[in-house]
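**Student:** For reference, the structure I am asking about is given below.
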Ligand SMILES: Nc1ncnc2c1ncn2[C@@H]1O[C@H](COP(=O)(O)OP(=O)(O)O)[C@@H](O)[C@H]1O
Ligand SMILES: N[C@@H](CCC(=O)OP(=O)(O)O)C(=O)O
């Protein structure tokens, strides 16, 4: 069987999703050391001629931390307000650090209704692809300030898979607080074993992915499996690797045995921009 990991080095358009627990400390504030390392790796990929799209979480956490511990969000409106505060801080930090490596970033905020509607989906698609043609790094998040239940993705794992489809990416990487998909949640069970490759997301795989993640993450493994299904449907491989050391992305791309790689169904659509 062809080694999918060997092929990862040829991926030219990469979507990287980073979650709140990877981006922030327990204080809710940004882990600048880690962000700097991540930005350096992604900028290096740009210098190699690859297209890079960053899907970032963290707006609510960073906004709440800015207001201080006396203001924990208690309602949806407060979370939305905190996202409005935090999103600006996130973009300022990304803009500054990517700028130090000569890269230009652009903020793209999406909600589910935008992607569900043919007309607005086409607009999102055109904007993302035009930014990439301009050599810009789109920095994507859910538009939390307006997202309520009916129009939200609810988690950035799913959002990142949709974004990967919108730009016809060759690889989606989820940076998690764990090394990949295990036979059961290692935080709750002993004897969990890492699964290096998944060829078929069947009921067994779905049953081992728990939705209870860490306190600061959303969705646990279940939303990551949903993301792998969406990406796989468009012929896009997805990897889950530990984001504690952004250098891990190099190892993955070099074909090293790291994380879990979901191999897409050969019958996946894989028409160019099939979703648009
Ligand atoms: N089968 C599984 N394998 C690995 N982790 C799992 C599994 N089931 C549930 N999890 C949980 O999912 C968590 C990762 O998801 P999450 O908390 O949403 O954080 P993030 O989005 O930052 O990766 C892990 O820390 C782990 O506790
Ligand atoms: N859009 C939200 C994060 C949603 C989300 O999926 O968070 P995470 O599980 O940390 O990737 C924010 O920026 O705070």
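Our numbering is plain: 1 for the first residue shown, then up by one each step along the chain.
Every residue gets a Cβ built from N, Cα and C, even glycine.
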**Student:** Just to be sure I read the record right: 176, 177, 218, 219, 220, 221, 222, 223, 224 are listed as binding ATP in TrEMBL. Which of 17, 29 is listed for the same site?
**Tutor:** 17
**Student:** Name the residue, out of 47, 129, 156, that TrEMBL lists for the same substrate site as 57, 144, please.
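**Tutor:** TrEMBL names 156 for this substrate site.
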**Student:** Measure from the Cα of residue 219 (ATP binding site) to the Cα of every one of the binding-site residues 57, 144, 156, then give the nearest.
**Tutor:** 156
**Student:** Enter the number of other CB atoms within 10 angstroms of the CB of residue 223 (ATP binding site).
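**Tutor:** Taking every protein chain into account, the count is 25.
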**Student:** Got a sec? Which of 57, 219, 221, the binding-site residues, have CB under 6 Å of any ligand 1 atom?
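**Tutor:** Close enough to ligand 1 are 219, 221.
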